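Quick look at what TrEMBL lists:
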REGION    1-23  region 'Disordered'
COMPBIAS  14-23  compositional bias 'Basic and acidic residues'
DOMAIN    198-627  domain 'UvrD-like helicase ATP-binding'
BINDING   Gly219, Gly220, Pro221, Gly222, Thr223, Gly224, Lys225, Thr226  ATP binding site
Amino acid sequence: MSNETGTAGNGQEGRQDERGREELRTEQEYVDLLHACLDALRDRAEGAADDALRPVGKGHQAQLERSIAAFEYSRTLAELDGIEEGLCFGRIDQRDGVTHHIGRIGLRADDSERTPLLIDWRAPVARPFYLATGLHPMGLRRRRHLTTRGRTVTALHDETLDLRETAPGAFENPSGDAVLLGALNAERTGRMGDIVRTIQAEQDEIIRAPHRGVLVVEGGPGTGKTAVALHRAAYLLYADRERLHRSAVLIVGPGGAFLNYIGEVLPSLGETGVWLATPGELYPGIKATGTDTPRATAVKGDARMADVLARTLADRQALPDPVLEIAHEDHGTLTLDRETAAGARERARGALVPHNLARPHFAFRVIDALTAQLADRLGADPFGGPNFLDPTDVAELGKEIATSPAVQAAIDTLWPRLTPEKFLADFLAEPDAGGHLPAEDADAIRRAPGTWSGSVFTPAPWTPADVALLDEAAELLGEDDSMRRAAEARKRREEAEYAQGVLDVAAASRTYEFEDEESEVLGAQDIVDAERLAERHEERDRRSAAERAAEDRTWAFGHIIVDEAQELSAMMWRLLMRRGPNRSMTLVGDPAQTADPAGMRSWDSVLAPYVGDRYAYRRLDVNYRTPAEIMDVAAAVPRAADPGFAAPRSVRSTGVRPWAGAYGAEELPRAVGEAAGRAAEAGGRVAVVAPRTLHHVLLPHLPGASAGESPDLTRPVVLLTPRQSKGLEFDEVLAVEPQRYEESDLYVALTRPTQRLGLLHSEPLPEPLAIALKA
Ligand SMILES: Nc1ncnc2c1ncn2[C@@H]1O[C@H](COP(=O)(O)OP(=O)(O)OP(=O)(O)O)[C@@H](O)[C@H]1O
């Protein structure tokens, strides 16, 4: 197929061999030049970062500037480190004689023209590298793939795209798939790698699609959905850098192990400013570690919960039955009757603001009524004349009412200040209190607020499904943040004053600066005013937009990417749509793999409430992971339920069919251990997938294996539940007792291997699988 090293033989081959060596040498020199350029950038950033951290004796303004610079440079350094491996991976030779090298970032020479040396893969100029074909060469004569190890060029693969050229090059790879197949067959490492060298045309179209609105990407297992989603994030950050670095990109993935698995892809593409989160992390300050039963997950995720919570909250806005007696500290008993309270409640609800923000409206009416009551009592003319109290007296009484602890306590009973956590914990403790949920649903989600151990109370952990409910509650309750805003305004004022002081000092020392040898340098006062300087001062302490966004529930992300989107519940979609009010979203998933009881069945049903049918839809149909032999067997599972089910087409076959072994229940763990040992010897990564209940009997037979909630996927052998295997991949998968998996988990687990699949069981296999294995 390809000729990486040239061949010796007759004279012509010998000449070709020589030419090949020469070309390899030329490419090596070019790659050396690029690395030298990268080193220079790194040195400069390192020097600048060190410089910025060094204390400066004078010139506070310079210190401010330098602190900001130190932060920026250290980020740049991290980004430069990330793209070291495989810096340059391609080259395109245009018909007009121009040649471009393609790489992970763009690099320019340090000359006066800033000559481009390396083209960023995301730049429009690089696009033909991914799209050109013999039929549509897009102005290219040749496409070349460079393979490197460290800084050494180890192989070249060429495709001649100009059909008029007849002489084969030294590295001709006519079908163009050697590099792709090399990547697909490579041993897995337990960390997902980027695909920037081999993005396929159908994937490229999605990666570079315009980002206004919602883009849905559907595809079966292994079609590159995750890879495409991550490369799209990198592309958007490149194409719309200014805006998206300010507003941040959020990527939501199914679980911690999965996020670890994909965590290195974006840094390898030179992007670090993205927030990767699981659904259980989307409510600031909470990491949901609890688990729900499938039934509870389904109930909590149902869209009707929004209404249930709203009604439950309305119940918390109570009325006296029939009157509330308030023992005022100085004025004896006051009474609040039901009708008066109802009037106050009506007015407060009429304000159409969230509960906590409406509370002052309610309180105002109640205080008003109680003041009138007291004024009537104290100033009443026994002979029926007008009240003796003048408006100033009444205003004084109003103050006494408003500041009375007894009155405040009464208001709290009727219209309590609530936090989302308190409100939800109360609700989950008695989910049927208001009669808004059927009894069996209420029973499914009922839970104690926590446990007591002696005098120590440990609150029950929140679950991922609770996170969506907490967010819903936070919306209903609103945050009375007037105190926080006042504090922020005060801080801003102080910072501006401080900055003005800095400028004054700078101005006072100006004469000195002008005598200094750096006298050509402009003083800060020449280029900034106090407010701007204060802003910069503030920026100095600032984290990246992504980090700030993670702590701000009301943050509006510039773009949101959801992987395994089929697993999100209706309530979680509500949360996400609040985080992305501009609806700039890329949603990737496969409804055939839906496993979550609250997960979706169709895109339409999920998206209609937010965008109607105004979303773009793309399909990926080629499976890059699972060889045809394995896919044929795995597809039998969904096909049993839906005879029309169309599995993605595998891009390669290995000739190795899945195998099955039946064992007695006693001997199964040992058989699994032995099979895992053999698989590990073959190299790469092995996953033993088994129901949780079997883990403790299997683990002793899997020495060195990683297991548990967050298994280390870089270990040679890992033990996973079927659900944990979602989104991951391994060289070999050993599926243990697959007849005990849920159907959607079974399809997921069977499609994880890149090379080999074994089924080990003591009970009969699911029928469609047994038939497919015999076929
Ligand atoms: N163009 C490509 N070049 C090289 N490898 C690719 C390409 N596209 C996909 N792959 C590889 O195929 C494998 C499957 O990709 P990915 O995990 O993105 O698929 P997926 O559709 O998200 O799968 P699933 O839904 O089963 O989790 C990965 O190893 C990925 O690197």
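Glycine is no exception: its Cβ is also placed from the backbone N, Cα and C atoms.
What TrEMBL says about a protein is an automatic prediction, not a curated fact.
For the ATP site, the Cβ centre of Gly219, Gly220, Pro221, Gly222, Thr223, Gly224, Lys225, Thr226 serves as reference, and the other residues of the chain with Cβ at most 8 Å from it are Asp590, Leu620, Asn623, Tyr624, Arg625, Pro648.
Taking a Cβ distance under 6 Å to any atom of ligand 1 as the criterion, the binding-site residues Gly219, Gly220, Gly222, Thr226 reduce to Gly219, Gly222, Thr226. Take the CB of Gly224 (ATP binding site) and look out to 10 A: across all protein chains shown you find 24 other CB atoms. Secondary structure at Gly220 (ATP binding site), taken from DSSP and collapsed to helix, strand or coil, is coil.
Long-range neighbours of Thr223 (ATP binding site) (same chain, six or more residues apart, CB within less than 8 Å of its CB): Leu620, Asp621, Val622, Asn623, Tyr624, Pro648. With a 10 A radius on its CB, Gly222 (ATP binding site) counts 26 other CB atoms from all the protein chains.
The secondary structure of Lys225 (ATP binding site), as reduced to three states from DSSP, is helical. The average pLDDT computed over the domain 'UvrD-like helicase ATP-binding' (198-627) stands at 88.
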